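Colleague: Take this structure, written in structure tokens, and hold onto it; I'll ask about it next.
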Amino acid sequence: LPEARGAPVVLLYLLGLRALVQLSHRQLLSQPSPAGSRHFSAPRARGYLDNITAIGPRTVGSPENEVVAVNYLLEHIRAIERESTHAHKISVDIQRPTGSFSIDFLGGFTSYYANITNVVVKLEPRSGAEHAVLSNCHFDSVPNSPGASDDAVSCAVMLEILNTLSKSSEPLQHAVIFLFNGAEENILQASHGFITQHEWAKSIRAFINLEAAGVGGKELVFQTGPENPWLVQAYVVAAKHPFASVVAQEIFQSGIIPADTDFRIYRDFGNVPGIDLAFIENGYIYHTEYDTSDRISTDSIQRAGDNILAVLKYLATSDKLTKSFEYRHGNVVFFDILGLFVLAYPARVGTVINYITAAIAFLYLSKKVLQPKTRATHNLKKIFTAFGLTLLSWVCTLVTVLIVAVFVSIIGRSLSWYTHFYVSVFLYGTAAAAKLILVHMLAKKFFYKSMNEQYLGDIFFDASLMIWSIALAVITQMGICSAFICMLWVAFPLLTKLMIHKEFSQKGATMKFVMTYMLGMFVPYLYMMYLSWTVFEMFTPIMGRSGSEIPPDVVLAGFIVVITMILSSYFINFIYLVKSAKVTLTTLTTVFVVTLILVCSGIFFPYSSNAANPKPKRIFLQHTSRRFHDLGGNVVKSDSGIWINGFDYSGISHITPYIPEINDTIRTACEEQAPFCGLPWILPVHFMFRLGRQLYHVWEDTNNNARITYYVIGKQVVVLCPPVDTSRYVSLCAGPSHMSLYIRPHEGSALSTWSLGDGVPIASLGGDYFVFYSHGLQATPWHFWVELMGPEKHSDGIVSLAIAAHYFFGEDQKSPQLNALLERFPNWTFSSGWSCTYDLFVF
């Protein structure tokens with residue numbers, strides 16, 4: 001097969017698949033439903049969205065969140081209630097729960113909340129309903145962001161769904177509970193308050209959670225269950241524009257992505273199964289000031305509304321909801337086909353299909369090895385040699401590309417692809433493809449130089465089939481539902497081979513062979529391109545907010561190598577079929593070298609201030625006042641400064657040219673005697689950042705006047721077995737709506753119990769204990785106790801306890817010095833700043 005024919009055809013094939021994938025993604029957003037009173041109205045939902053985001057940032061505890069947003073929701077809920085038909089009854093409740101729980105998210109910590117807000121609406125038949133399905137959104141936002149996608153648009157969609165259902169003349173069989181949750185950004189507090197304390201929670205049999213990891217686009221079903229395949233089937237039957245993947249579910253639940261949703265709370269604390277959906281497009285501006293309502297298309301709102309309304313109606317009229325626990329049997333494999341429909345089947349059925357497919361493949365390979373029997377040993381040696389060479393080429397490719405990624409990171413050119421994604425393909429994709437081709441060209445030239453080309457092509461096809469068959473059997477045995485991908489890469493190539501097995505041994509009809517071969521491979525290649533597009537759409541923006549610990553170029557390069565290996569696995573044999581692949585290799589190498597030179601020169605700046613499509617760098621600044629007390633209560637050290645954290649691997653290197661004095665900034669030194677290095681972490685994300693990339697910018701005379709009130713109101717000592725005692729410290733703390741409590745028992749002491757969570761202390765990574773606290777309006781001072789076991793007489797005390805207070809809104813949020821510094825940051829940054837205090841005590 002001449003290279004002049006083979007390589008261009010393969011390239012056109014892959015480009016055609018890519019175009020088809022892009023087209024399918026665009027068409028998913030262009031299928032609105034007809035207008036009418038019984039149909040979801042995106043324009044009306046957009047009106048809700050515009051009004052909610054016009055309130056501004058809605059941080060828990062702020063008047064904007066606790067009063068203005070709540071009043072807006074109530075006003076429109078009451079209007080919907082007045083216009084509802086007589087078939088329905090609408091009940092409204094304002095819940096302000098107080099509670100505490102521990103969670104293993106972000107290394108493990110405990111959460112405490114007081115007087116936060118939930119707006120709860122129940123739509124049910126006039127005669128009432130015993131069972132209910134829950135729809136959940138949250139109207140609070142992170143500080144300094146209008147939170148249009150996360151999660152105001154979901155609340156707007158829910159308001160319009162409530163409006164649509166309430167005007168139907170047909171009553172539902174079950175109730176639908178709409179929870180407008182007022183404290184999700186505080187790590188899932190409001191959902192915990194609802195599911196563990198609200199009276200209506202007892203009737204809930206299933207839920208739909210509406211979230212965001214991006215701004216608009218398609219909403220992806222990325223978690224279901226646990227178990228309860230009937231829920232997936234409900235989505236399959238009802239959703240008009242499906243977009244779902246068990247692959248996304250298994251990636252998310254693996255913990256690779258540092259995020260979580262209310263799904264976890266309903267699953268773990270309510271024992272309720274559900275469906276988790278999230279917008280995933282344009283995650284570059286997620287949780288930034290650019291997350292505005294105008295960036296969310298009406299088509300996207302319409303699509304989400306159509307889907308969620310249809311699924312809610314299906315569940316609210318389903319007999320299975322009544323006895324949902326009877327249908328809790330095993331997991332389910334599910335994935336959409338280009339957004340047109342969803343394939344879903346029980347995991348146990350998938351296991352049978354996978355093993356049968358693998359068995360057929362092994363049977364085929366065994367037959368190939370044993371024909372003729374006299375050459376069985378020879379054939380076995382050849383196929384295992386090809387098997388080993390294929391694996392070797394993959395290892396060499398991975399190592400080579402990772403070396404390039406490490407080099408790019410070391411010279412300070414990390415994230416050069418962040419704004420220009422094609423750079424990653426030209427840099428790492430071409431390097432991977434070139435390395436694969438080079439290894440096999442060398443093997444062909446020096447190891448197989450006298451062998452028949454058609455025979456070699458046949459052998460390497462079988463070697464790839466063997467690799468995929470082994471992977472299929474192993475991954476299925478591990479219970480991973482995503483094994484269906486391996487099944488596709490075994491079944492379709494095997495069918496293709498059986499169709500054109502004669503062509504492998506014939507020298508004629510080469511174009512017929514190529515076209516038939518590619519047609520047979522169409523399904524796995526198309527699906528893999530589609531899935532890869534979705535994965536990169538989700539993961540690329542995450543690299544800009546994943547901390548400074550892991551080089552993002554290494555992560556992305558690894559992804560690209562894996563995708564390249566998968567897509568090339570059944571094209572390796574073409575290297576042995578073509579007369580020469582030098583032109584292809586030279587072209588790929590040239591593209592790689594040119595791209596590497598351009599990347600090293602710094603021509604590809606990572607960030608963008610483009611008004612239509614910004615891709616900002618995230619910088620967090622905390623104007624911090626610290627006081628360290630000794631055992632006697634005396635202040636032994638105090639300082640004040642602006643603590644600067646860049647939320648990606650490049651730190652603040654790109655900021656220095658714009659703010660030169662940052663060169664004189666004192667890099668943060670860890671206060672070894674203090675919990676969490678004496679730094680006011682709002683969440684225990686210290687493990688995501690290298691200390692050397694945090695800056696503590698010391699200023700003169702800039703102490704923040706805001707200060708918490710903390711004191712121990714009692715101490716009780718119980719003598720257990722001298723010289724070990726149990727000491728209980730009862731504390732009272734008053735401060736802003738967000739505070740962090742850090743506890744470090746001294747050597748010889750141990751934190752045995754406390755009044756938080758379930759009473760069992762959960763240590764964070766590093767051994768210190770972290771408690772996240774927040775409150776709504778009119779909350780009483782925080783009252784808690786901790787109990788430690790240790791020697792009563794200890795010259796250095798038995799525990800260090802620190803409290804950080806965070807001022808996210810109001811007049812205390814930003815000092816004049818902080819404001820002045822924020823104004824100097826370039827427009828391609830999202831610089832979020834607030835004031836905070838850190839007080840350390842020893843007891």
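Every residue gets a Cβ built from N, Cα and C, even glycine.
The domain 'Peptidase M28' feature in TrEMBL is assigned to 118-311. Residues or ranges marked as domain 'Endoplasmic reticulum metallopeptidase 1/1-A TM' by TrEMBL: 380-600. If you look up TrEMBL, you'll see 614-841 marked as domain 'Endoplasmic reticulum metallopeptidase 1-like C-terminal'. Under the heading signal peptide, TrEMBL lists 1-26. For 332-365, 386-411, 417-443, 455-476, 482-500, 512-536, 556-578, 585-607, the entry in TrEMBL reads transmembrane segment.
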Colleague: With an 8 Å cut-off on Cβ pairs and a sequence gap of 6 or more, do the transmembrane segment (386-411) and the transmembrane segment (482-500) reach 3 or more such pairs?
Modeller: no
Colleague: I need to check the long-range neighbours of the transmembrane segment (585-607): which residues 6 or more away from its ends have a CB within less than 8 Å of a CB in the stretch?
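Modeller: Distant contacts of the transmembrane segment (585-607): 404, 408, 411, 413-420, 423, 426-427, 430-431, 433-434, 437-438, 441, 615-617, 650, 654, 828-829.
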Colleague: Can you give me the average pLDDT across the domain 'Peptidase M28' (118-311), rounded to a whole number?
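Modeller: Over the domain 'Peptidase M28' (118-311), the predicted model scores a mean pLDDT of 93.
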Colleague: For the transmembrane segment (455-476), name the stretch out of 332-365, 417-443, 512-536 with the most CB-CB pairs under 8 Å.
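Modeller: Comparing 332-365, 417-443, 512-536 against the transmembrane segment (455-476), the winner is 332-365.
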Colleague: Short question: which residues 6 or more past the ends of the transmembrane segment (417-443) have a Cβ under 8 Å from it?
Modeller: 284, 389, 392-394, 396-397, 400-401, 404-405, 408, 460, 536, 540, 543-544, 553, 556-557, 560-561, 564-565, 568, 572, 575-576, 581-582, 584-585, 588-589, 591-592, 595-596, 599, 604-608, 615
